[in-house]
Structures are given as structure tokens and as C-alpha cells.
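J.: Straight out of TrEMBL:
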- E362: active site, proton acceptor (ACT_SITE)
- H361, H365, E384: Zn(2+) binding site (BINDING)
- 72-254: domain 'Aminopeptidase N-like N-terminal' (DOMAIN)
- 289-494: domain 'Peptidase M1 membrane alanine aminopeptidase' (DOMAIN)
- 610-930: domain 'ERAP1-like C-terminal' (DOMAIN)
- 1-38: signal peptide (SIGNAL)
- Y446: site 'Transition state stabilizer' (SITE)
Amino acid sequence: MISAEAACRRRSGPASVVTMLVAPLLLVLFVPFSPSSGAQLPNQAKAKDLPIATNGQPFPWDRMRLPTTVTPLHYDLAIHPNLTTLDFTGVVRIELDVHEDTNTVILHAKQMQISDVFLLAPEGIKRLKVLEYPRFHQLALLSDSVLIKGRKYEVHLAFAANLSDSFHGFYKGSYRTSSGEVRVLASTQFEATFARGAFPCFDEPAFKANFTIRIIREPRHIAISNMPMVKTVELPGGLLEDHFDTTVKMSTYLVAYIVSDFKSVSKTTQHGVKISIYAVPEKIDQTAFALDAAVKLLDFYDDYFDIPYPLPKQDLAAIPDFQSGAMENWGLTTYRETGLLFDPEKSSASDKLGITKVIAHELAHQWFGNLVTMEWWNDLWLNEGFAKFMEFISLDITYPELHVDDFFLAKCFEAMEVDSLSSSHPVSTPVENPTQIQEMFDDVSYDKGACILNMLRDFLTPEAFEIGIVRYLKRYSYQNTVNSHLWESLTNICSSDDLDEGRLKHTEFCSKRKTQSGASKWYSGDELDVRAIMDTWTLQEGFPLVTVEVRGREVRLSQERYLKTDDPSPSEGFLWQIPLTYKTSASNTVHRFLLKTKTDVLFLPEEVDWVKFNVDMSGYYMVHYAGEGWNSIIKLLQHSHTALSGNDRANLIHNVFQLVSIEKVRLDTALELSLYLSRETKIMAVTQGFGELVPLYKLMEKRDMKVLENQMKSYIVDLFQDLIDQQEWNDSGSVSQRVLRSYLLLFSCVRNYAPCVTKATQLFNQWKDSDGTMSLPVDITMAVFVIGARTPEGWDFLFEKYRHSLQMSVKSRMKTAMAVSPLQDKLKWMMEQSLIGEIMKTQDLPGVVVSVSKNPHGYQLAWDFLRANWHTMIKKFDLGSSTISHLVTGVTNQYSTREMLDEVRSFFGSLTEETGSEMRCIQQAYETIEDNIRWMDKNLPLLQAWLDKRNRRVSHEDL
């Protein structure tokens with residue numbers, strides 16, 4: 001990779017064409033640079049306090065964030081990637097607005113050669129001196145005359161670099177055709193701080209500007225970017241230059257361009273926007289579902305937000321090498337192939353659900369994130385929490401058959417997992433450097449953000465919430481925002497000053513509100529301080545545990561922070577304003593109460609048998625039912641579990657087991673509650689039951705305690721046996737039923753449940769005998785593949801089919817099955833091949849390593865692999881990224897011995913800050929292992945006693 005300070009390497013052939021664009025201007029640059037003695041530095045710091053540039057001179061800026069002395073208005077960017085030499089050259093011309101007199105322009109550039117830098121001023125063209133400070137990825141452009149406040153200037157920079165070997169910046173990708181030919185492409189991934197590695201720019205979200213992009217390419221390729229192409233110009237040497245229309249005002253991280261041999265299919269929305277799906281030629285026949293989904297969803301958002309999508313087109317591109325799930329570049333969203341490609345014959349119900357959700361997420365960003373952007377990365381959740389939340393709002397309306405609401409609670413449970421640790425962070429939290437910024441892309445920003453928005457929507461009513469967020473989008477279009485802007489937009493939505501008369505929903509809602517008398521203070525807009533409520537959820541980490549104790553008609557309430565730690569001090573001083581909801585045995589009515597204090601009391605109209613708080617888990621909090629509370633709920637579930645909704649039941653399962661971890665509830669109480677699961681059929685409650693019970697034996701698998709481990713496994717199989725036996729080996733039923741079928745059959749085969757293993761073995765052998773041509777029901781393939789991968793012959797056959805398959809969802813299931821094989825040599829080989837990236841994609845490496853780490857035959861292999869290849873992986877996937885976090889926590893979160901904790905601490909403690917020692921995920925790994933140790937020390941004897949007692953009870957019943 002060429003760095004900015006490296007010696008310039010001579011280019012030949014097509015790559016030098018970009019220099020033609022600036023040659024006429026360079027002819028006038030003959031005046032040597034001579035800085036003026038009166039030049040002003042943007043921060044006025046004394047030279048002795050300043051950082052030192054690469055040439056040994058003081059660098060005139062000492063902060064990570066750029067100064068606001070000058071801001072960009074427009075970029076004219078010409079770029080030429082050479083897909084043979086795997087490098088690129090470019091020229092950028094940036095129009096600047098000067099806000100203070102200065103002779104210095106500070107902007108970003110990372111690991112590139114910078115040359116031919118000059119200023120276009122009203123008085124003519126002048127050469128600029130360039131200083132580089134690689135630690136902050138900054139350039140200083142020094143003028144010998146002052147740039148005057150209020151005037152417009154332009155700076156010109158030529159640049160050159162290698163295409164990145166990672167998955168960010170302007171990076172190279174490749175794919176293999178069915179005939180074995182390797183084809184190369186170049187694509188971009190600029191969020192959060194990687195535009196600076198592709199062209200010099202003001203690479204912070206608040207520096208919004210317009211972009212006019214030109215891309216030079218060979219005729220065998222196509223180029224696409226944020227905007228439609230307006231013309232193609234022939235250049236000397238047989239090259240073509242595509243000119244793209246100027247973008248709307250946007251942040252640098254949303255700029256995108258791709259040079260490839262992709263094919264496309266297109267449709268037009270009802271609002272006249274052209275939607276196109278781009279993919280490699282041999283997979284273009286897997287794009288029909290995504291195309292229809294994108295059309296339907298863009299039309300939905302256009303209407304829901306009451307703001308027309310502002311671009312003439314929206315492209316969705318399936319990239320063969322892609323680190324994250326997808327990226328919301330304005331007008332050119334990019335995806336993993338598994339996130340966009342769907343084969344009706346080979347893809348599963350969960351594939352359809354996943355693809356639709358990811359498209360819904362990225363298209364929601366076209367408004368939340370692109371049109372209105374957070375001012376700085378500390379408020380990333382304003383982008384990501386909203387987009388995650390809108391997945392569920394949009395699909396509930398546009399794809400009701402997907403039953404997306406069956407899957408929302410899982411997001412809240414996942415968020416609580418990390419938010420229950422001392423190392424968690426507020427939804428809105430200060431960040432400065434690129435690693436800290438990358439770390440914000442986590443379950444707190446995405447999933448907690450979505451869950452607190454869902455809670456607020458329930459609190460305000462869906463109608464009031466929709467009106468408020470539309471007002472927010474309209475008020476701050478093409479601008480940058482902070483938390484408080486959102487809360488202000490959701491407050492007093494019916495005030496006469498801000499009534500949107502042109503929006504029918506708004507006027508109807510407010511008219512209806514005026515006619516209602518005696519409205520509860522829960523909904524009273526004039527009294528409601530949305531900011532005061534929501535600041536308690538966004539500006540402090542963690543979440544509340546509400547303890548409920550019923551004494552006759554009196555319900556005593558108290559709140560504290562839920563925290564998995566031995567040290568109670570981090571939980572002190574926390575107070576939330578909690579929108580409580582509850583229902584009782586006496587009424588199906590949902591009652592509401594805003595708990596603002598540490599303790600409070602509410603009174604029921606009559607005594608009841610049971611009370612259930614957090615109805616359908618609309619709130620982001622846990623509940624502990626003190627006194628006889630849990631016993632009354634266990635009795636209810638055992639005798640009439642359908643008196644509560646499936647989401648309520650999932651919520652209770654989650655809460656009771658999580659309360660065991662902080663010793664509020666005994667393990668045998670939680671296990672007694674789990675017994676009702678033998679009659680459960682709803683997907684969220686069933687999967688949450690597995691989610692709480694399976695980790696118990698997964699901890700044991702990494703210890704030498706086979707007897708108890710097998711007892712626990714047998715208990716879970718027995719608990720769900722009736723439901724497993726009811727599953728048919730086909731693809732019938734709703735999406736939720738099909739997803740549940742896949743889950744249950746996979747579990748029962750992995751757990752060696754004899755009927756499942758027999759059936760799966762038979763089907764795998766038939767499929768193998770047909771050389772893979774036999775059509776298997778999609779929902780059962782994971783179970784079949786897992787059983788097949790247990791033998792060397794089966795594993796090898798599966799791998800051959802994986803190598804040659806063009807169906808991404810099928811490849812994904814095969815890969816997972818191969819990673820849970822007991823064959824250790826195969827597991828090790830798989831991880832090594834994923835790192836090399838030739839026959840297994842490196843983008844899939846983290847998933848492979850984590851899958852192997854969950855395998856009782858592979859967890860030590862995965863830990864050894866992570867340590868041996870750490871430096872390679874942090875370079876490839878980037879420090880602080882969610883990928884690295886997933887690797888660290890995924891590999892270590894089932895360790896539960898002090899020996900393993902010491903080993904983990906020893907390795908991560910040996911790192912430097914540059915190699916990751918300060919990453920939050922390392923602290924999360926330590927805390928999780930410590931929690932596992934405490935849990936095992938405290939609860940193993942209880943678990944053994946309860947299972948023994950149950951076995952005796954079952955044996956007695958069988959007599």
C-alpha cells in the first residue's frame with residue numbers, strides 16, 4: 001500500500017491519464033512557494049506545542065477533529081482505477097467557503113501520494129505547500145496569502161494510491177466464474193472514516209457538500225456511482241470516462257462508486273424512481289425478489305415520511321467481497337451477496353426475511369442518515385437505531401406475511417446482553433478517533449436504539465410518533481442533528497406554530513386530540529417533556545430493573561440498574577423515567593404508569609391473582625416479581641400460558657433467567673418456569689427458551705463435566721420433543737413456522753435425537769448419491785448438511801458442492817454445517833482457507849472462526865487461530881469494527897474457568913493501543929468470562945440437584 005509520504009512510483013500506460021486533466025493548470029505554477037510572515041493558523045497554537053509533520057516542520061493543527069475555518073461546498077472528483085495494476089490515480093477540485101481569515105486549509109488524506117496542489121483564488125492560481133500528519137490522517141495546505149472570510153476559493157490536489165487490500169476505502173474485490181476464471185472489481189466502503197483513503201476530503205459527517213464524479217475505465221467494465229451517468233467520453237488509449245450528475249448535498253461517507261463487469265435489472269417505482277439491482281453476470285437471475293422489494297419499500301418510505309426520495313435513481317449492488325451486511329450510500333446502496341440475492345428454489349424463509357429486512361434498513365437510511373445526518377459519530381444511533389427500527393415498521397405494513405414482529409424482541413435481548421456489562425456505553429457517547437468511532441457500530445447503537453424508539457412510539461402513540469419524526473425529517477433536511485433536535489420534534493406536535501396543514505394524518509390526529517377530554521397525562525403533549533424522559537435512556541448506559549411487589553391492591557415499585565458484576569458501585573446513581581405498562585388477571589386492558597422516581601406505589605382497583613409488567617416487552621427494561629410474584633406467574637404459565645401473548649412469555653423467560661445471574665432469583669425457580677415450554681409453540685418464546693437453556697450446557701462443554709452436560713442436553717430435548725416430533729420435513733407453513741422448523745430440526749440433529757439423525761442421514765445419502773441434484777426441502781437442508789458433514793467423505797462432498805454453487809444462501813448453509821463438524825483437521829483447514837481467501841471468502845472468516853469456537857471439538861482451535869492471526873485480521877477488518885468485536889466476544893464468551901480467563905487476559909494484555917488493547921470488546925470479553933465463572937460457581941450444584949430431582953420425578957411418573 002502506498003503511503004502519502006512514500007517515494008512516488010512511476011506509473012505507465014492508462015493510469016497516467018488523470019494527469020492530463022491538470023496539465024494545463026500546472027503550466028502556470030512556476031512561482032516557488034514563499035509563506036507569508038502574517039499567515040494565521042486555524043487554532044493559533046504556538047509552534048512549539050504543535051505536532052510535527054512528516055518533513056519535520058510543525059503541523060498547524062493539533063486536534064483530531066478538523067477546524068471549521070473553511071468548509072467544502074463542492075467536490076469535482078476524477079478517478080481512474082487500474083484493475084490490472086490494482087492502483088488508482090485521481091484529481092480532486094474542492095470549492096471552499098472561508099469563515100475566518102486564514103492561510104491554512106486542513107483536510108483528510110490517508111496512505112496516498114499527494115502532488116500538484118494549488119489554489120484557485122480570485123487573483124489567480126498559486127502553488128500550495130503541503131504538510132502531512134499521518135497520525136490524524138491530515139493534510140495542511142499552506143498559502144502564501146490569506147484566504148479572506150466570505151470569499152470562495154478552490155483547491156486542487158492530484159493523488160495516487162493502491163486499491164486497498166481491506167474491505168474499506170476504495171478496495172479491490174474479485175469473484176470466480178463457474179468456469180474458474182477470476183475477475184477483479186473495485187468498489188468503495190467509506191463509512192465511517194475511509195473516504196480519506198480514496199480521495200483528499202473533509203471526512204467528517206457535518207462537512208456536507210455536493211459531488212460531481214468522473215470515472216475512467218476500460219470498455220470491458222462499467223462504472224456506477226451515487227447519481228445517474230450523464231455522458232461517456234472517449235479518451236486516448238481506448239479508455240472511457242463516465243461523467244455522473246452532481247449529487248445532492250451530503251457527507252463524504254455516503255459517496256460511492258464501483259468499477260466492475262456487473263449486469264443489472266431495473267424497474268420504476270410509483271413515484272418515478274428507477275430502481276436497479278447490480279450483480280455478477282452469473283447471479284443476475286437471483287435479483288428479482290430484491291428488485292420487487294426495493295420498489296415496494298422505497299414507495300412505502302416516500303409516502304410514510306411524506307418527503308419525496310430526492311434522487312432520480314436507487315441502485316442496489318451485490319458485492320462479492322464485503323465486510324459488513326450492507327451500506328446506505330445515497331443512490332447506490334451496497335450489500336453482501338447473501339443480503340441481496342434470492343433463489344426461490346434454493347433460498348429459505350429466513351433468507352427472504354433477512355434480505356427484506358436489510359433492504360428496508362438501507363432504504364430507511366436514505367432519509368434517516370442521508371437526508372438528515374447526525375452531526376458527529378457520538379449520535380450514530382440517530383442513523384442506525386432509526387434504520388433498525390424502521391425495518392420492523394416498514395415490513396409490518398408492506399410484507400405482513402413475514403410476521404416481522406415475531407422477531408423484534410430478539411434485538412432487545414441482544415442489546416441487553418452487552419448493555420448489562422460495566423463496559424457498556426450510553427447510546428449517545430463521546431468518541432474522537434477512528435477506532436472509537438468504529439466501536440459505535442454495535443448492538444447499543446443499532447438494537448438498543450431501535451428498542452428505545454419502539455418504547456417511545458408505544459408511549460406517545462404510533463400516530464403522534466409518526467407525525468413527530470416526519471416533522472424532524474422535514475425540519476432538518478440536508479442538515480446535521482443532535483439528540484435534542486429529535487426530542488424537540490416529538491414534543492408538542494399539535495402546537496399551532498408547527499401544524500403541517502398539508503399532511504392529512506397530522507391535521508386529523510390533532511383535531512381528534514382537541515375533542516378528547518380528560519386525556520391521561522401519559523399522552524398530554526403540553527405536559528410531556530420528551531427530552532427529559534429520553535435523556536435518561538440515551539445519555540446514561542445500561543437499563544433499569546423494575547422490582548414489583550404486590551400486596552393486596554397495592555403494587556410497590558422500585559428501580560435500579562441491572563448490572564452483571566460483583567461490584568455494586570457502578571449501578572449507583574442511575575435513574576430512568578420508565579413508561580411502565582401492565583395487565584392483570586382481572587382485565588386485558590393495558591394500564592400505563594410513568595415511573596420517574598426510585599420508588600413509587602400504584603393501586604389496583606381490586607386484588608388480582610397475577611400482574612404482568614412490560615406488556616409485550618414494549619419497554620426496554622427487566623422486571624423482577626418479588627414475594628410470591630414469580631410463583632404466581634409460574635402457576636399461570638403451567639395452567640393457562642395462552643392468557644399471555646407469545647412476546648410476554650418470551651419476555652418472562654428472558655427476565656427470570658437473567659435475574660439468576662444477579663442472584664435475584666434462584667436457578668430452580670427459573671427452571672420450574674421453563675417446564676411450561678413443553679406446551680409452547682410460538683417462535684419467540686421457543687427460541688428464547690433455547691436461548692436461555694442451551695448456553696448452560698455450552699459452558700459445560702468447555703469443562704470436563706460430561707455427566708451434568710449430558711443431563712442438561714437431555715432435559716432440553718425432552719422439553720421440546722413433542723414440538724420437534726410435530727415438524728414435517730418440508731417447506732410448508734408461515735415464515736415463522738418455517739424458521740422455527742429449521743431451528744428445531746437443526747437442534748435435534750446436533751443433539752443426536754435419534755429420529756432426526758436417522759431421517760437426516762437417509763436424506764443426505766440420497767442427495768449425495770444423486771451428486772447433489774436431488775431437490776431437498778429448503779428448510780431442512782441445515783439439519784441434513786450438519787449430519788452429512790460428520791464424516792470425512794460427507795464433509796468433502798459438501799465442500800465440493802460449496803465450491804461450485806452459485807446460490808449464496810446454499811453456500812452459507814453448507815459453510816455453517818462444515819464448521820460444526822467434529823472433524824478437527826477440517827475445522828482448522830477451513831479457518832486457514834478463509835484467511836487465504838481464494839476458495840473460501842475472507843469476508844466469511846469471522847463467521848467461520850466463531851462457528852468453530854462454539855463447536856465442542858473446535859473451541860481451542862478457534863482461540864489458537866485468533867491469537868496466531870490477530871495482526872493480520874485487525875489489518876484486514878480494522879480495529880474497533882463490529883467484525884473484530886464479533887470475533888473477540890464470539891470466541892471467548894463461553895469460557896467459564898479462571899484458567900481461560902488468565903489466558904485471555906494474558907493475550908489481550910500483551911497488545912499495544914495500536915494493536916487493539918483499548919477496544920471495548922476486550923473489556924466485554926473479560927466481564928463475560930467473569931460472569932460465567934460466578935454463575936458456574938454459584939449454580940452448578942443447584943442445577944445438578946434440580947435435574948436429579950426432575951429425573952426422579954419423571955421416573956416415578958413412568959412407573
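Cβ atoms here come from the backbone N, Cα and C positions, even for glycine.
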J.: Using the recorded Zn(2+) site (H361, H365, E384) as reference, state which further residues of the same chain have their Cβ within 8 Å of the centre of those residues' Cβ atoms, listed in sequence order.
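T.: Those within range, site residues removed, are E328, E362, A364, F368, G369, N383, F386, A387, K388, M390, Y446.
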J.: At the level of the C-alpha atoms, what whole-angstrom distance separates H361 (Zn(2+) binding site) and Y446 (site 'Transition state stabilizer')?
T.: 11
J.: Sort out the sequence-distant neighbours of E384 (Zn(2+) binding site) for me: same chain, 6+ apart, CB within less than 8 Å of its CB, listed by position.
T.: G369, F441, S445, Y446, G449
J.: Averaged over the domain 'ERAP1-like C-terminal' (610-930), what pLDDT does the predicted model reach?
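T.: Here the predicted model's pLDDT, averaged over the domain 'ERAP1-like C-terminal' (610-930), is 95.
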J.: Within the chain of E362 (active site, proton acceptor), which residues six or more apart in sequence place their C-beta under 8 angstroms from its C-beta?
T.: L316, A326, M327, E328, T333, Y335, A387
J.: Tell me the Cβ contacts of H365 (Zn(2+) binding site) under 8 Å, same chain only and six or more apart in sequence, or just say none.
T.: E328, T333, N383, A387
J.: What is the number of other Cβ atoms found within 10 Å of the Cβ of H361 (Zn(2+) binding site)?
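T.: Step by step: centre on the Cβ of H361 (Zn(2+) binding site), count other Cβ atoms within 10 Å, giving 26.
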